[in-house]
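Residues annotated as region 'Disordered' in TrEMBL: 1-41. The annotation compositional bias 'Polar residues' is assigned in TrEMBL to 1-10. The transmembrane segment annotation in TrEMBL covers 68-87, 93-116, 128-149, 188-208, 267-284. Marked as domain 'Fatty acid desaturase' by TrEMBL: 95-357.
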Amino acid sequence: MGAGGRSSSIDADIRDREPHSTSSVSHKLMGGESHERAPHSKPPFTLAQLKKAIPPHCFNRSIVKSSAYLLLDLLISGSLLYATSFITKLGPVGWIAWILYWIVQGCVLTGVWVIAHECGHHAFSDYSLVDNVVGLILHSSLLVPFFSWKYSHRRHHSNTGSMTRDEVFLPKTKDRLGIAAIFLNNPIGRLLSIIVTLLLGWPLYLIFNVSGRPYDRFASHFDPNGPIFNNRERLQVVISDLALLTVGACLFKLASIYGTLWLLKVYVVPLLIVNGFLVLITYLQHTHPSLPHYADAEWEWLRGALSTVDRNYGILNHVFHHITDTHVTHHIFSTMPHYHAAEATEEMKPILGQYYQFDSTPIPLAVWREFKECVFVEESPEEKGVYWYKNKFDD
């Protein structure tokens with residue numbers, strides 16, 4: 001039965017409650033100097049209504065199907081690694097082959113990262129132990145502290161859009177900006193900021209909580225006694241640290257056998273690309289001139305979850321298991337496996353209406369625009385507790 005059959009009564013209820021909404025099923029956020037702000041009032045629908053509109057099978061997690069996606073990624077990644085043994089025979093054109101390897105391997109391993117991310121959300125299988133073991137192995141192999149990230153990321157999902165409690169990509173108000181932000185607010189400074197963010201943003205967040213929620217003392221994903229974690233989580237943070245030490249020892253052994261340069265070429269450079277994609281994807285999901293943030297008095301979970309935006313990465317949508325173009329659905333139903341998210345998104349669009357955010361701006365242009373226009377947030381003079389992005393220091 002199609003979406004219309006399940007949700008006709010819901011649609012009618014929404015039309016009755018929201019007489020001035022447009023007929024468009026989605027709010028398309030486009031480029032330009034001015035942006036129509038996304039809807040930010042209390043949605044005229046409930047979480048239960050959204051769930052009712054989605055076919056029940058979309059919530060089913062299949063360990064067989066999830067494992068098949070993972071094995072395909074690992075097979076492609078392993079084949080690429082094996083192919084590097086022939087690159088030295090290509091002579092001077094070998095560097096072209098290395099560049100192609102870095103790009104393709106980085107994209108494939110980003111897909112592996114996303115599957116590990118699903119494990120952290122208990123979206124890989126029906127078995128928590130399986131999800132934790134698979135997630136720990138995959139993320140540790142990519143130098144991510146699985147359990148530490150899992151817990152902080154869970155709080156991000158619980159507090160998205162909150163000006164005080166969101167765990168990452170928490171925007172700053174103008175009075176909290178450093179002097180560097182003013183000097184970097186120009187084309188050269190902006191380009192430098194983009195490069196540094198994509199290259200170092202992920203490790204800086206994990207190690208020093210850069211761009212994360214401010215705490216009253218030092219916070220790090222590697223510190224089990226840090227303020228990010230509660231007492232029930234600290235042992236698993238230690239497990240994450242030990243897993244990374246094990247991976248580090250294995251990498252050291254590989255470098256001693258095959259050479260440091262070999263390790264840099266086959267592992268480190270693709271990992272830098274993975275880290276760059278991770279920051280790029282998450283930044284663009286939560287940063288847009290039209291997206292609101294909320295003070296505590298205004299924040300509600302569903303309003304915060306809807307303060308995200310889907311993007312189009314072309315063929316990489318498939319390589320990245322649709323974390324890019326179904327992120328709105330992911331924030332509403334985070335235990336839904338990726339292979340059902342696209343269908344669920346389409347089924348929810350008629351109900352979400354203008355509350356569904358999608359921006360088709362080409363990714364390079366979107367990155368430049370967001371770094372240019374989303375410098376800080378300022379409370380709306382018309383709506384207390386609602387914050388919007390701005391970039392004018394002299395307003």
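Cβ atoms here come from the backbone N, Cα and C positions, even for glycine.
Stretch with the largest number of CB pairs closer than 8 A to the transmembrane segment (68-87), among 93-116, 128-149, 188-208, 267-284: 93-116. Of the recorded ranges 93-116, 128-149, 267-284, the transmembrane segment (188-208) has the largest number of C-beta contacts under 8 angstroms with 267-284. This prediction places the mean pLDDT of the domain 'Fatty acid desaturase' (95-357) at 97.
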